[in-house]
Amino acid sequence: MSDKQFDVVVIGGGPGGYIAAIRAAQLGFKTACIDEWSNAAGKPAPGGTCTNVGCIPSKALLQSSEHFEHAGHAFADHGIKVSGLELDLGTMLKRKDTIVKQNNDGILFLFKKNKVTFFHGRGAFAGKLEADAGYTINVSGPTTDTITAKNVVVATGSNARQLPGAEFDEKLILSNTGALAIDAVPGKLGVIGAGVIGLEMGSVWRRVGADVTVLEGLPTFLGAVDEQIAKEAHKLFTKQGLKINLGCKIGAITKGANDVTVEYADSTGAEQKATFDRLIISIGRVPNTNGLGIETVGLQLDERGFVVVDDECRTSLPGVWAVGDVVRGPMLAHKAEEEGVAVAERIAGQHGHVNFNTIPWVIYTSPEIAWVGKTEQQLKAEGVQYKAGTFPFMANGRARALGDTSGMVKFLADATTDEILGVHIVGPMASELISEAVVAMEFKASSEDIARICHAHPSLSEATKEAALAVDKRSLNF
Ligand code: FAD
Ligand code: NAI
């Protein structure tokens, strides 16, 4: 095999792609990964949306801004006096950039360690090899090359959805990219879309001093979240100062020299006009197949632009697979990674598996929201008989010691078998607590199983045990 011929070529080096490449190499395939992302210095920056303008930088800023808020508002309760508290936004943003670079470099290191050949550039299908032997792929950009692959994994991710008439300029009208790099705290920040990005980025900028107004199209808040949890979260976020307006119909968006005006009809139908120093538009994301050469080989897309795949990530073309945001399913980094691993294993003839019923969701606000499985409204709609148990963090000793008693854990279990059907948390460290529920559901545990397991004291995880006990109406501490 020449050095231009590969068993597996992965196009896209985000969490779906880079993990697929590493797993394929571990399984003994000669593997390449092509990724076009460059950092400000023009150097390769693999890791995709997640590493560069998504999960990692947003969590860095969420952490920094939370420290700032605690120093200003929470430390005094602990008997810690802070004077002269000042925000150094430049350092906060630089820290975030350093963390991103560490992750980019970490992936390049992992490619070397696993003998994955990395190409920095855009990968595009250039044609099919004879006798279904694979595909030719052109690499263009910083690196120019032509390579062949027996198997191709498309992992080209997604881009922010544009609102017609309000193009992103990343100065006044911001996608996630600009929202993570505002160089001065805006006095008034508008956010269109009260989804995951709107709430996370809205929280970051509110904590450091912006007056944040969120305009959401739907009349319900966080429709995919369990209603009881969403209601609690709405109450808490509003108390923190996020101005969340539901049921808004967005009209004209007009840019001034230094501001943006949004005209909209509010939930009563009344016409409103609001002017912001910056406007974040976070109304979902669209799959990215730009410049991939899909027409050259006839790769099938659905009507919304997603690469069509079966349950096992096989596309319409033999030997071509697709994973992550560019295919159906939740747009989450860990879902992309699981699909990447499963595809590499399927190429090797193994039985890769992704359980879509146990993919956890986390919104990294404060408090965090996390859930796995079905919501109460889904169970009702499906006519499933269930029992519910909740436990408030207010009654948890560790939460009191932390000074963070907001929220609750909620269990939903089958009324007859007691199998756990869903677990929903709004509260401190929900992102970590949810793992126990994911494990339990993977092993088809009952709520009684969790209720009978010894949990460390004092710990937030005792709230999980107590919520499981509450399913049988026998909480011990509430
Ligand atoms: P991407 O990460 O989008 O990677 C695709 C890569 O392919 C990119 O590097 C792109 O440049 C490259 N590419 C595209 N086309 C080509 C081509 N033709 N040739 C070469 N390279 C190409 N998810 C979570 O689970 N947790 C979170 O906390 C979280 N936070 C987020 C915060 C924000 C602000 C955003 C926007 C998203 C967040 N997500 C989070 C979602 C997560 O980022 C995505 O689900 C994940 O990145 C999808 O991975 P992917 O590999 O499918 O695609
Ligand atoms: P989203 O789908 O979470 O939320 C978009 C919101 O915008 C919805 O509430 C929707 O009703 C609203 N909306 C849509 N069109 C509108 C319009 N014209 N006017 C007003 N409101 C409108 O999408 P978001 O926040 O852009 O994030 C994209 C995806 O990225 C998420 O769905 C998630 O998959 C991923 N992500 C995950 C994170 C995590 O796991 N913590 C963090 C951030 C993003």
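Placed from the backbone N, Cα and C atoms, the Cβ positions cover glycine too.
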Could you look at Gly28, Gly90, Gly123, Gly190 and say which one TrEMBL places alongside Lys59, Thr156, Gly157, Ser158, Asp325, Met331, Leu332, Ala333, His334 in the FAD site?
-> Gly123
From the list Cys33, Cys55, which cysteine is recorded by TrEMBL as disulfide-linked to Cys50?
-> Cys55
Name the residue, out of Glu216, Glu263, Glu303, that TrEMBL lists for the same NAD(+) site as Gly193, Ala194, Gly195, Val196, Ile197, Gly198, Leu199, Glu200, Gly284, please.
-> Glu216
Densest Cβ neighbourhood among Thr156, Ser158 (binding-site residues), 10 Å radius | Thr156
Longest CA-CA distance among Lys59, Gly123, Thr156, Gly157, Ser158, Asp325, Met331, Leu332, Ala333, His334, per record bound to FAD, angstrom = 30
Measuring Cα to Cα, tell me the gap between Ser158 (FAD binding site) and Cys50 (disulfide bond) in whole angstrom.
-> 10
Per DSSP, what is the residue count of the domain 'Pyridine nucleotide-disulphide oxidoreductase dimerisation' (359-468) in each of helix, strand and coil?
-> 43 helix, 33 strand, 34 coil
Per 10 Å Cβ neighbour count, which of the recorded positions Cys50, Cys55, Ala333 ranks highest?
-> Cys50
Considering only the recorded positions Thr156, Met331, Ala333, His457, which residue has the minimal Cα-Cα separation from Cys55 (disulfide bond)?
-> Ala333
Of the recorded positions listed (Lys59, His457), the greatest number of other CB atoms within 10 A surrounds the CB of Lys59
Result for ligand 2 contact check over recorded positions Cys50, Lys59, Thr156, Met331, His457 with Cβ cutoff under 6 A is Met331
